[in-house]
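What TrEMBL records for this protein:
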- 1-23: signal peptide (SIGNAL)
- 33-58: transmembrane segment (TRANSMEM)
- 79-101: transmembrane segment (TRANSMEM)
- 157-177: transmembrane segment (TRANSMEM)
- 197-216: transmembrane segment (TRANSMEM)
- 228-261: transmembrane segment (TRANSMEM)
- 313-331: transmembrane segment (TRANSMEM)
Amino acid sequence: MALSMRFFLGCFNSLLGTIRAYASEVCREEYRALALSVVSTSRGIGLIIGPAIGGFFAQPVEKYPNLFAESSIFGRFPYLLPCLIISVYAVGSLVACKWLPETLHKHAEKANERADLHDISEHSSNDSGQKDNMVELEEKQIHKSNLLKNWPLMSTIIVYCVFSLQEMAYSEIFSLWAVSDKKYGGLSFSSQDVGEVLAISGLGLLLFQLLLYPPVERRLGPLMVTRLSAVISIPLLSCFPYIAMLSGVVLHLVINCAAILRNTLSPQSQRGAANAISITAMSVFKAFGPAGGGALFSWAQERQVASFLPGDQIVFFALNVVQFIGLLLTFKPFLAEPYHRE
C-alpha cells in the first residue's frame, strides 16, 4: 500500500513543471526572474513546514496522550494525522486555483507572431537581404522548438539529473541514518528530531535563496555556483559519518549546521524553456534515488567491520562519487555553451 500510494503521488505530481511554466507566462518579461525566484522560495518554505508536520504530528498518541486516546483512529493509524493535514491543505490549494488567471492567450499570441513573421518573409522577396534575415530568424525559431536536438539544453538537463539523483539518495539516506542506532553508526534520533533538523535546514535554504543566492549568482554565474557547491559538498559529506561520534547539544548543533550547508549546496531550480523534459528526466533519476539509497544503506549495515570504508562511510562515499561525476559533467566538452544572441 505504501509503495502504491508513493507511486500514484509521483504519477500525479505535475505541479513543479507546470508552476514554473505558469510563473514565466503570467508575468511580464521584467518580472519573470522574480516570479521564478518566488517558486524556489515557496519550495524552501515547504521544506520548513513539511518536515515539521511529519515530525510533530506523526504518532500523536505517543506524543500527545492528553489529546489523542489510544482507542481513537489516530491510535490505530499513527501516521493519519500528518497525512490528513496535508490533504486538507491540498484541498485548500485546489480551491485557490479558481482565482488564478489562465494564460492560454499567451500561446495564441506567440502563434500569431510566428504567422506574421512568415508573412513578412514572403512579402519581402524584393529585398533579398531582408528576406534572408527573416528566413534565418525563422529557422532559428524552428531549431529552438526542436528541444531534443538542442545539445546545450540537453546537456544541462543531464547534469541536473545527476545532481538530482544524488540529492534524492541523500534525502533518503539521511533520514535512515539519523534514526538508526548509534551502534550501527547512526544518530539514534526520533522522528521528531529528524523533523526538526529538516525544518531548520529548510529555513536555512529559504534564507539562502532570498538573501545570498541572487547576488552570488549575479557575480559568479549559475555554472560557477554549481561547481563550487559540488566541490564544497564532497568534503562536507565525508564528515557525516564522524558526526555520529558526537552527543548531546554538540551533536544537534553540528548536524543542524551540516544539514543547512548540504541543503543550500543542492542544485538550485533551473529556469529552462523545456520544463516538461527536464522534470520528466529528473523524475526518472529521482525514482532510482530512494531505491538505490535504501539498498546501499542496508548493505552498509552488514559491513560494520569491513576493512575498507566500513559501515556508513561507504554510503557517503558513494554519494560523493555521484557528486564528483556531476561536477565533471559541468566542464567541456560535455556541457556545451548555450547560444547567445547579439
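Placed from the backbone N, Cα and C atoms, the Cβ positions cover glycine too.
Just so you know, TrEMBL annotations never went through curation; they're auto-generated.
In terms of C-beta pairs under 8 Å, the stretch of 33-58, 79-101, 157-177, 197-216, 313-331 lying closest in packing to the transmembrane segment (228-261) is 313-331. The stretches the transmembrane segment (313-331) and the transmembrane segment (157-177) are in mutual contact, each linked to the other by at least three Cβ pairs under 8 Å (pairs 6 or more apart in sequence).
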